[in-house]
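Visitor: TrEMBL lists HIS185 with the feature active site, proton acceptor. According to TrEMBL, the feature NAD(+) binding site maps to GLY9, ALA10, ALA11, GLY12, GLN13, ILE14, GLY15, ASN103, GLN110, VAL127, GLY128, ASN129. Annotation source TrEMBL lists substrate binding site at ARG90, ARG96, ASN129, ARG160. The annotation domain 'Lactate/malate dehydrogenase N-terminal' is assigned in TrEMBL to 4-145. For 154-319, the entry in TrEMBL reads domain 'Lactate/malate dehydrogenase C-terminal'.
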Amino acid sequence: MTVNVTVTGAAGQIGYALLFRIASGQLLGADTPVSLRLLEIPQAVKAAEGTAMELDDCAFPLLEDIEITDDAKKAFDGANIALLVGARPRTKGMERGDLLAANGGIFKPQGEAINAGAADDVRVLVVGNPANTNALIAQQHAPDVPAERFTAMTRLDHNRAVAQLSKKLGVPVSAIRRLAIWGNHSATQYPDLFHAEVNGENAAAAVNDEAWLRDTFIPTVAKRGAAIIEARGASSAASAAGAAIDHVSTWVHGTAEGDWTSAAVVSDGSYGVPEGLISSFPVVARDGRYEIVQGLEIDDFSRERIDASVAELVEERDAVRKLGLI
Ligand SMILES: NC(=O)c1ccc[n+]([C@@H]2O[C@H](COP(=O)([O-])OP(=O)(O)OC[C@H]3O[C@@H](n4cnc5c(N)ncnc54)[C@H](O)[C@@H]3O)[C@@H](O)[C@H]2O)c1
Ligand SMILES: O=C(O)C[C@H](O)C(=O)O
């Protein structure tokens, strides 16, 4: 059956890297036809039409149709998968509160439109920053959709952490399992090697270098987004699109036996993360659902870092509450 995939911010850089991969079958598999609904602001609809022309020109066998609109209600009508990429970037002189308010103006109506018209099985991934809190805003305005269907992307951080560890140890990325990103998709995030495995052995033990872990690994992963902006003059696009594909594909098809991944999901209070926050955890995907991995021991080093990132999420939640956005 055809799956309706809605992508917001379709004319942006991530949109350009993402849409062709969705249409080629990399999101849902080679047997699943897709119908694309592209949401853009009025000024960018023409550019989205240009991307749609290129999608047509690829003659993808799985791509059934493309609809382009600046109306959120139309874009989310019948959506099975919703990729919320479009967001208001921080510009010069903008305070944190202004950024949250501007994004509230985007994610509140989008949450309402998802609530009103999306398919019963809708799954939502928020990529647009600040991703966790934008996801929270959308989720709070979709009371009829199970909260677990709203997620935010930390898979890029996860992939970055895997790549850094692979380089450090000189092992292929396929040798690494059970790495986890905790907290916010921001510089406070905590990439956790203490439960990770390399060829079945504990990764922190294999590294055996606490200074590298503390002073190189964690800040490199947490500040990678800023380093890409500094080097490229634009924020990550292809890697972000790749992570979005990974996030949804894992959600739908499941994690490998014995492995887990990272995703920001609605907290059920696990690991002391306040219930309702959308925070990154180690998760498994099973039967089409993301579930938080339970029962991990958290030592003082990890506890301090998880708490710091979660405190930032609490601050963001309180700020959007104060603005009346949730
Ligand atoms: N979570 C992550 O790991 C991660 C990684 C990279 C980038 N990001 C974030 O993803 C977002 C998109 O990045 P980009 O490089 O594609 O940005 P971009 O500026 O190239 O594109 C954003 C697009 O969103 C559109 N847009 C703005 N408001 C919209 C609305 N209300 N409805 C629909 N579309 C709207 C814009 O017109 C633009 O075309 C940014 O917020 C960026 O910070 C997140
Ligand atoms: O857009 C950004 O600020 C950075 C982005 O979230 C990233 O992690 O690459």
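Every residue, even glycine, has its Cβ placed from backbone N, Cα and C.
Those TrEMBL annotations? Automatic predictions, nothing curated.
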Visitor: Over all pairs in ARG90, ARG96, ASN129, ARG160, the listed substrate binding residues, work out the largest Cα-Cα distance in Å.
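Guide: In whole numbers, the farthest two Cα atoms are 26 Å apart.
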Visitor: Please list, in sequence order, those binding-site residues from ARG90, ARG96, GLN110, ARG160 with the Cβ less than 6 Å from ligand 1.
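Guide: Checked binding-site residues vs ligand 1; nothing flagged, none.
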Visitor: Take the Cβ of HIS185 (active site, proton acceptor) and count every other Cβ within 10 Å, whichever protein chain it belongs to.
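Guide: For HIS185 (active site, proton acceptor), the count of other Cβ atoms within 10 Å is 29.
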Visitor: From the Cα of HIS185 (active site, proton acceptor) across to the Cα of ASN129 (substrate binding site), what is the distance in angstrom?
Guide: 8
Visitor: Using Cβ atoms only, which residues of the same chain lie under 8 Å from ALA11 (NAD(+) binding site) while being at least 6 residues apart in sequence?
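Guide: Non-local contacts for ALA11 (NAD(+) binding site): LEU38, GLU40, ALA44, VAL45, ALA47, ALA48, GLY50, THR51.
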Visitor: How many Å separate the Cα atoms of GLY15 (NAD(+) binding site) and ARG96 (substrate binding site)?
Guide: 25
Visitor: What whole-number value in Å do you get for the largest C-alpha pair distance within GLY9, ALA10, ALA11, GLY12, GLN13, ILE14, GLY15, ASN103, GLN110, VAL127, GLY128, ASN129, the residues recorded as binding NAD(+)?
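Guide: About 20 Å separates the two most distant Cα atoms.
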Visitor: By a simple count, how many Cβ atoms lie within 10 Å of the Cβ of ARG96 (substrate binding site), its own Cβ left out?
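Guide: Excluding its own Cβ, the number within 10 Å is 12.
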Visitor: May I ask you to report the DSSP-based helix, strand or coil state of ARG90 (substrate binding site)?
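Guide: Looking at the DSSP assignment, ARG90 (substrate binding site) belongs to neither helix nor strand, so coil.
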Visitor: If you check the binding-site residues GLY9, ALA11, ARG90, ARG96, GLN110, ASN129 one by one, which have a CB less than 6 Å away from any atom of ligand 2?
Guide: ASN129
